[in-house]
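Q: One structure, as structure tokens, below. Some questions next.
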Amino acid sequence: MIENSMFEEEPDVVDLAKEPCLHPLEPDEVEYEPRGSRLLVRGLGEHELDEDEEDYESSAKLLGMSFMNRSSGLRNSAAGYRQSPDGTCSIPSARTMVICAFVIVVAISVIMVIYLLPKCTFTKEGCHKKNQSMGLIQPVATNGKLFPWAQNRLPTAIKPLRYELNIHPNLTSMTFRGSVTISVQALQATWKIILHSTGHNISRVTFMPAVSSQEKQVEVLEYPFHEQIAIVAPEALLEGHNYTLKIEFSANISRSYYGFYGISYTDESKEKKYFAATQFEPLAARSAFPCFDEPAFKATFIIRIIRDSQHSALSNMPKKSSIVMEDGLIQDEFFESVKMSTYLVAFIVGEMKNLSQDLNGTLVSIYAVPEKINQVHHALDTTVKLLEFYQNYFEIQYPLKKLDLVAIPDFEAGAMENWGLITFREETLLYDNNTSSVADRKLVTKIIAHELAHQWFGNLVTMQWWNDLWLNEGFATFMEYFSLEKIFEELSSYEDFLDARFKTMKKDSLNSSHPISSSSIQSTEQIEEMFDSLSYFKGASLLLMLKTFLSEDVFQHVIVLYLHNHSYASIQSDDLWDSFNEVTNKTLDVKKMMKTWTLQKGFPLVTVQRKGKELVIQQERLFVNMKPEIQPSDASCLWHIPVSYITDRKQYSQYQSVSFLDKKSGVINLTEEVQWVKVNVNMSGYYMVHYANEDWEALIKQLKTNPYVLSDKDRANLINNIFELAGIGKMPLQRAFDLIDYLGNETHTAPITEALFQTGRIYNLLEKLGHMDLAARLVTRVFKLLQNQIQQQTWSDEGTPSMRELRSVLLEFACTYSQENCRTTAMKLFEDWMVSNGTHSLPTDVMTTVFKVGSKTEKGWSFLLSIYYTVSSEAEKNKILEALASSDDVRKLYWLMKSSLDGDIIQTQKLSFIIRTVGRRFPGHLLAWDFVKENWNKLVQKFHLGSYTIQSIVAASTHLFSTKAHLSEVRAFFENESETTFRLRCVQEALEVIQLNIQWMEKNLNTLTLWL
């Protein structure tokens, strides 16, 4: 999610194989140099390098050619060989003999070097052997000395025990001074201490053995390329002995969203205020203070902050003392923390107010800037309920004496789970009764639930390395929805989880997908890219599948055991599976089963066919690419699948049956003949289902006869599966439209939302290619299906949360496509609101729709912008911003994006949301892409390569392209940036989505034209 800034200075190591015309190597190339990729002589393909000898032979050729080119003058020198009158060569001169001997010696030396370094790739980092992360050539520190460590990952010879961190920020100059005293223990004998640091001006470093009281000043070596420093000890560090390291430093407060960063905002009296906060996950603690910045290096922390008297300071732990210093400044000291990873350390300095409540000895507090303190009540009530639920469910008490939740005025991430000091965007923590909709309430509740779950999953028990990020994020996401089902059932959060699973599987079906657990995650960009929907929602989906298969009681027993066994420790995926196997007593080998889901990308397509009393099932990997030559072989793809099903004889989910498919095919005995079968009950399994033609027909018939014998989850699941399968050519698109013909009788949110999403995607592709008549016919067909439900809606906030969300969806659809008298009603509400100068209360659930209709006029758009400047509710601001970004005026759209990038009028944290909104509509989707191209360098400076925000911006600005010209343009743009940029997973995904859009149009356009 978060990426720290990197130094641009390159290590002083010659890249022997780099061609002058190529861009410089990027950081992750150091770790992942393909065999032979940088040493191929022009015209020699990599497939020709089959044996070890050919590797170093090619290297020798390349180096030899380089030498011979530089020595080409020797070949034609008249002084070299004197020609006799008869044309024969005379005996070479002594000078020539010496030169030739020298050339031969050099050539032999080069060949010997290459021979002694087999399979060696030269980069700016030096030599890299195959299957070896770093090679033999040591990097060079900034002072010209050899740096004693060459790997991205820190050595394990030293472990930190305790940090004492002193920070003195100056919010006017946006700088800070600090010192950190680190107590370390040597796990093996060594002379060096390697840790992380970036952006610091280190003024003094001292070293002291635990048995001595005498500090010794030592030299520090800096290697910015890996964001590491090395301290060479004045004496050998002995195994089992403790030592103390003290580092004094200064730095700038970051102006991005990473590390210790500063922001400014304007309060209600129009006075400019300054605020500083931290965001360390995954790699930015090292930019705030020198540390061992890897999740497995857990330690305790004592933090002291010097601040101005008008500010407050917060950190992970409760405040121990406050001392007024001679200059009038105040030093706050916080109690020593529990043992935790560096990415969870946090501190905040600014003007804040809070509301608190005690829960069994833990003080729960919600903080906000003073003028927004009246919006924290919902968050406080929600936090207390969730904290109590988690403590009971996990059977482990929250271990700290306080829990602070803080709304930060400008914050890139949705929220961050720092232990004891959780940080949020204002829109994800604050709730305004007058302007927050039911969707806003659900968002705030979900994100609080997610971050509180992290206090156990991630904070108490932490993954060893970022390759297993899903253990943090998958569990927190699963518990987010599970806890809401238990204590906020009225919010129907299962609808959101279902929708998230649909969208995650769409992403996971691409070739550009990745396993959620991978051993190849090393570089900064690779770590950043792990923060995607797969780590979150695929991880959560697999846990849902496991809970459903094993039963809720068994699942809870495992979770309690897992947390108790690994508290304050760092773990890997196998530790979780071992806990499952301990509880199941290996009646089911959960580790073997779940590795088929976590170690390979994608998911299975389960094909089902009824044959009398038998159900024949087969599995294969789902490929969304319709061109066989592009599809990789699925011979090695096999999943262990819990196949659940219901039939017309046992219609309800409580009567479901489960079979276990761990082979390519199998047969299920039904005991009796049935009219229909629905596989993957409630879509609790992470797989897609394709039925034989007659079985699809039976399900379509049942939906038209009585859809309610199937749950709303199952109905939504059928809509999703049939449209996705039609989209990849597994069945005719017309069959998918036949299935949704039942929608006139649908009353639940999930199926209608999914149907509108699938048909909306088709509309967008048609519209962007100019097929307006066909797009209009599609809208007309969908509107006829939902006309009764739309006409029943009122412009109010009445009903259950699910009914209210359905109202928002249906009225948004009707107004967007000018159906019925929707726009007329919305415009009347907007005009009344405008006459009241924005003080008239609008129904919150339809507020966005009303604003969008109002923004279509010049007067309405300008009025909305003026209100945006003045309102204090982030919920209302977001609704206004979405309406502003839905304008048909490209000049206004460009101004919005530019203003957000600049950050003065509209916060930069809103930029990805604006680009996403602009990119959805016909006049804006080309503009959004042009804006991204034009400002790419600024975007990656602010958000950094691989970050979740960059992933979102790339997808939002390209996902509706469906022409070969756009495919070529997008590919060329990213290729011209850098190899690292082009290799980003989000870039490869964008190219793949465009290709799939092209294929979809080629396959379905003529068919749609004929029958729609």
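Cβ atoms here come from the backbone N, Cα and C positions, even for glycine.
The transmembrane segment feature in TrEMBL is assigned to 97-117. Taken from TrEMBL, the feature domain 'Aminopeptidase N-like N-terminal' applies to 159-344. Marked as domain 'Peptidase M1 membrane alanine aminopeptidase' by TrEMBL: 379-597. Taken from TrEMBL, the feature Zn(2+) binding site applies to HIS450, HIS454, GLU473. What TrEMBL lists as site 'Transition state stabilizer' is TYR536. The domain 'ERAP1-like C-terminal' annotation in TrEMBL covers 676-995.
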Q: What is the pLDDT of the domain 'ERAP1-like C-terminal' (676-995) when averaged and given as a whole number?
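A: That region's mean pLDDT is 96.
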Q: Between HIS450 (Zn(2+) binding site) and TYR536 (site 'Transition state stabilizer'), how far is it from one CA atom to the other, in Å?
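A: Answer for this pair: 11 Å between alpha carbons.
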Q: Which ones in the same chain are close to TYR536 (site 'Transition state stabilizer'), with CB under 8 Å and 6+ residues apart in sequence?
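A: The list for TYR536 (site 'Transition state stabilizer') reads TRP470, GLU473, GLY474, THR477, given in order along the sequence.
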Q: Please give me the CB contact count at 10 A for HIS454 (Zn(2+) binding site), counting all chains in the structure.
A: 24
Q: Tally every other Cβ atom lying within 10 Å of the Cβ atom of GLU473 (Zn(2+) binding site).
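A: Total other Cβ atoms inside 10 Å, all chains included: 29.
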Q: Take the Cβ of HIS450 (Zn(2+) binding site) and count every other Cβ within 10 Å, whichever protein chain it belongs to.
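A: Taking every protein chain into account, the count is 28.
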Q: Given the Zn(2+) site residues HIS450, HIS454, GLU473, which other residues of that chain have a Cβ within 8 Å of the mean position of their Cβ atoms, reported in sequence order?
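A: Neighbours found: GLU417, GLU451, ALA453, PHE457, GLY458, ASN472, PHE475, ALA476, THR477, MET479, GLU480, TYR536.
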